[in-house]
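Feature list (source: TrEMBL):
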DOMAIN    A:20-222  domain 'Cytochrome b561'
TRANSMEM  A:21-39  transmembrane segment
TRANSMEM  A:59-79  transmembrane segment
TRANSMEM  A:91-111  transmembrane segment
TRANSMEM  A:123-148  transmembrane segment
TRANSMEM  A:169-191  transmembrane segment
TRANSMEM  A:203-224  transmembrane segment
Number of protein chains: 2
Amino acid sequence: MHTTVVNYRYKRSASRLTVGAHLFGILAIILMLVWLLHYRGGIDYESDNSDRVFNVHPFLMFFGFIFFAGEAMMAYKTVMSEHQGKKYMHALLHLIALCTGIFGICAAFRYHDMRQIDDMYTLHSWIGLGTFILYGLQWLVGAAAFLIPGGTPESRLRLIPWHMSMGRTILYLSICAALTGLMQKFTFLGLSKALGDRESHLINFTALAILLFGIFVDLSVALARYV
Amino acid sequence: MHTTVVNYRYKRSASRLTVGAHLFGILAIILMLVWLLHYRGGIDYESDNSDRVFNVHPFLMFFGFIFFAGEAMMAYKTVMSEHQGKKYMHALLHLIALCTGIFGICAAFRYHDMRQIDDMYTLHSWIGLGTFILYGLQWLVGAAAFLIPGGTPESRLRLIPWHMSMGRTILYLSICAALTGLMQKFTFLGLSKALGDRESHLINFTALAILLFGIFVDLSVALARYV
């Protein structure tokens, strides 16, 4: 009886945190779209304007990669379905995040090519690509262990703590990548005198919304484990 | 029997991760000291040279705050002692982190006063102070619930998942604060043409070592829970 009451409390807390995560995620997408569409000239991978090609990168890395990956983490607990349904939804959302993430990284390299800028010399690029490689490995190991039939229940059980711990670590790594990326763009825009006061606040609040999305996803997943 | 084997594996992994955390923590301290002492003129809170006053800030925020807080998190699992001994060591290390952190934040404000720079207008300052306030609250709630006699075992048990989840969240927040802080200093030094290639690599590698310290502390604490 007592355990049920405590579990109910965590369940309620976890589902409130999930609502918070959705809200901060949507807020971050809106703020970022206002920034990219109103201040930065729009988003277009095929454009001849290199700035519009670049803008695909922050948009897809948050809305494509981080947002879908966060939703995938929460889906494992919140989707109203049988265990198999939750699992496939979790894997599918992560697959979408993986594919849009690859596309988003390509946009950054395409921008560098158009502007003839060196690749991979900034802290953001190291954290970002490192995170994405870990994410790809995590997806592959997860799919091999939990989706493809063949593994023993013991081997799956043994992998779960690693899968969950690494998942939350990669979530925070991706948040670090987003923050360092936004700060870097902030600096470059400031150097070229292309940054006003309003826009600088918009970038900073986008960064805060992304950070809060990460925290709420993490806490909702962490507390859901105590249910 | 089988459970024991699995638990032993996690115990071994967790203790290896703890060793990794110590190593990356010490590496980050060394890199930061080389940076501050060799390239940035030294560390002195009482100096008339504002740059030397500023240098107290990154040094104490990592070595004082983040490093001690990380060690405190790991101490709860690794200190060879009775439960009470672990608990007091955990609380004491966090108290040291809290006090040196306050001192480190004061250094940043003192630097702003000396240079007549505005306070609290950057993303780093918002994340940093927000993190530190959460950390102070976490310490107070933790001390009130787990150190001071009086609470019921049920109320303590109910708080543990929150205490652990918030602890890991605050750890990653502090890593985000460190990365944004180092990037900001990197930018300011670059703007004043005071940054060479070697120093910029040194700052970036310090940031990576801090990030790896955070990841290893987090994973060692997360996996130790499965022991």
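Each Cβ is built from the backbone N, Cα and C atoms, and glycine gets one as well.
All TrEMBL annotations are machine predictions without curation.
Not measured: the values here are computed from a predicted model.
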Requested in this report: Count, for each of A:21-39, A:59-79, A:91-111, A:123-148, the Cβ pairs lying under 8 Å from the transmembrane segment (A:169-191), and report the range with the highest count.
Outcome: A:123-148
Query - Candidate ranges A:21-39, A:59-79, A:123-148 - greatest C-beta contact count to the transmembrane segment (A:91-111) (under 8 angstroms) - result: A:59-79
Query raised in the report: So what pLDDT does the domain 'Cytochrome b561' (A:20-222) average out to?
Result: 95
